[in-house]
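Contents: one structure, followed by commentary.
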Amino acid sequence: MNVTQTAQTLLSNQVSLRKVDKVFSPPGKPADAVHALGPIDLELHHGEFFAVVGPSGCGKSTLLELIAGLSTATSGEVAFEGKPIEGRIPDGVGVVFQEDASFPWLTVSDNIAFGLRRMKLPPGEKARRIEKALAMMGLVPFANSYPAQLSGGMRQRVCIARTLVTEPRLILLDEPFGALDQQTRLLMGDEVLNLWRKTGATVFLITHALDEAAMLADRIGVMSARPGRLIDIVETGWSRDRDSRIVQEEQFGAITARLWRSLRQESMKAIGKIEAAT
Amino acid sequence: MNPQTGQLLRNTLTLIVVVLVAWQALYWVVGDVALRSPLQTLAFAAKFTSTPQFAAHLAETSKAFGLALLLAVVIGLSIGFTLGASRFLSDVFEPMLVALYSIPKITLYPILLLAFGLGMSSKVAFGTIHGVIPIALFTITAVRNVKRVYIKTGHVMGLTPLDMIARIIVPAALPEIFAGLRIGFSLTLIGTLLGEMFASQRGLGFLLMSAIGLHNVDLIMTLTLLLTVFAGTASVVLLALNQRLYARS
Ligand SMILES: Nc1ncnc2c1ncn2[C@@H]1O[C@H](COP(=O)(O)OP(=O)(O)OP(=O)(O)O)[C@@H](O)[C@H]1O
Ligand SMILES: [Mg+2]
């Protein structure tokens with residue numbers, strides 16, 4: 001990468017969405033089209049921790065898949081490091097999905113090695129990265145276990161480790177701890193903060209837990225009920241070396257309260273829609 | 001050995017003992033006219049299996065069964081992967097396969113005979129049509145049930161379409177595909193033997209049919225024992241492998 005390019009990358013935002021809409025229309029049935037998302041304008045800065053909260057079904061996962069290049073926007077433009085994505089999966093992006101995506105037919109360390117398939121690395125470097133990811137996620141004792149032998153939380157760690165080995169510049173996390181109990185979630189939150197600090201990557205975290213967002217993120221995007229739009233962006237102002245102990249601070253309560261104020265109406269709409277549909 | 005395999009082994013041994021006891025008891029009741037005792041059968045089987053006549057028939061059946069199984073597996077997997085990957089194709093063709101599966105294949109036999117004539121090719125065809133449909137149906141379901149998130153993970157990792165099939169879809173679907181292969185194996189064997197019984201001058205099926213005609217009780221008992229032992233062994237081995245596959249998922 002030459003000097004001008006580097007400067008450009010630093011200056012521009014890492015991810016930018018312009019007037020992005022997503023409509024799901026089943027082939028041949030235009031009447032059943034679902035306007036899932038948008039219009040959305042969003043900028044992710046290099047190295048920031050951005051969280052998204054929103055009522056269920058508001059299009060959070062849809063937004064993540066657009067940024068990951070797994071689906072294309074119906075209209076508008078999504079760009080990663082200055083280049084439009086247009087349904088092509090960009091290099092340097094790692095994704096951890098909402099559901100458990102660990103491969104049951106591979107051991108933990110083979111699962112993690114799978115992340116490196118598309119990279120041409122010398123074998124020594126591969127082994128080193130796998131060791132590092134295992135250590136970072138506390139999986140060393142389970143390196144040769146199969147996912148079926150692990151708890152749900154452990155399996156989600158395997159998926160995070162599989163993403164980390166590629167050393168992504170942007171990590172997308174879709175409710176990675178949704179299925180875990182509150183205590184484990186707080187601790188996993190600490191680990192995500194840790195890896196965010198150590199890797200220097202940008203983190204985009206979807207969550208339905210307002211306290212999780214308030215504790216982890218630099219900025220929090222609040223989404224409306226479907227079709228999901230950004231109705232508020234909250235800056236937390238935490239220092240970079242924060243951890244889960246900030247839940248005791250006054251500011252934490254204030255942020256959570258503000259998130260809830262923005263969301264209450266939207267969440268009621270989402271529930272109302274569910275009741276109307278059934 | 002894992003506990004599941006141990007349990008399978010114990011169940012199998014129990015079954016063998018129960019069958020032997022029941023057989024002996026039945027022999028005492030029915031007598032020599034229609035049955036031989038387990039010991040008599042074993043003695044005759046030992047003698048008969050060392051004759052060149054038996055070797056020739058066995059070779060014939062092995063060849064027919066081997067070919068039929070190969071065809072059933074290759075065609076079944078091809079149909080399964082094609083239909084499993086396409087919602088549209090499976091919507092159209094899967095009901096037809098299910099309908100075909102439920103008709104007794106024996107009704108197709110005259111047509112097959114006309115098409116292939118007496119001998120090897122019609123035996124193979126008959127074995128294949130028995131095995132191919134369950135293999136295809138299980139594979140369709142297996143491929144369709146691969147979790148979407150595995151495919152998405154593959155996309156994010158930039159896998160080529162070929163790698164996506166070889167590294168994700170096949171291993172993810174393998175336990176269910178294998179269950180289809182297990183059923184396909186037994187049905188292909190049945191089909192091949194039926195083919196031999198009705199339209200062949202060679203093979204174990206033919207031998208069994210002529211033994212029935214001649215009321216050769218020793219030979220009937222021996223062939224039944226041999227076929228049962230072969231099918232039973234294969235079935236237990238495949239089941240054990242299948243359990244190993246499922247244990248991981
Ligand atoms: N492939 C699809 N086809 C049609 N509709 C879809 C598709 N994917 C999502 N949707 C619809 O789009 C809307 C948003 O879905 P999405 O999964 O993005 O919501 P979410 O905010 O992630 O929900 P949750 O909080 O439950 O994870 C939902 O109404 C969903 O039914
Ligand atoms: Mg979601």
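The backbone N, Cα and C atoms fix where each Cβ goes, and this holds for glycine too.
Automatic prediction, not curation, is the source of TrEMBL annotations.
If you look up TrEMBL, you'll see B:12-30 (among others) marked as transmembrane segment. A Cβ distance under 8 Å defines the sequence-distant neighbours of the transmembrane segment (B:12-30), meaning residues of its chain 6+ beyond its ends; these are 36-38, 232, 236.
The annotation domain 'ABC transmembrane type-1' is assigned in TrEMBL to B:58-238.
What TrEMBL records for B:64-85 (among others) is transmembrane segment.
Residues or ranges marked as transmembrane segment by TrEMBL: B:97-118 (among others).
Cβ atoms under 8 Å from those of the transmembrane segment (B:124-143) belong to residues 64-65, 67-69, 71-73, 75-77, 79-81, 83-85, 90, 94, 97-98, 100-101, 105, 108-109, 112, 115-116, 169, 173-177, 179-181, 183-185, 187-192, 194-195 of the same chain, restricted to positions at least 6 beyond its ends. Among the features that TrEMBL reports, transmembrane segment is placed at B:124-143 (among others).
Positions annotated as transmembrane segment by TrEMBL: B:177-199 (among others).
Taken from TrEMBL, the feature transmembrane segment applies to B:219-241 (among others).
Panel annotation: around the transmembrane segment (B:64-85), residues 93-94, 97, 120, 123-128, 130-144, 165, 169, 173, 177, 180-181, 184-185, 188-189, 191-192, 195-196, 203 of the same chain, lying at least six beyond its termini, place a Cβ under 8 Å from a Cβ of the stretch.
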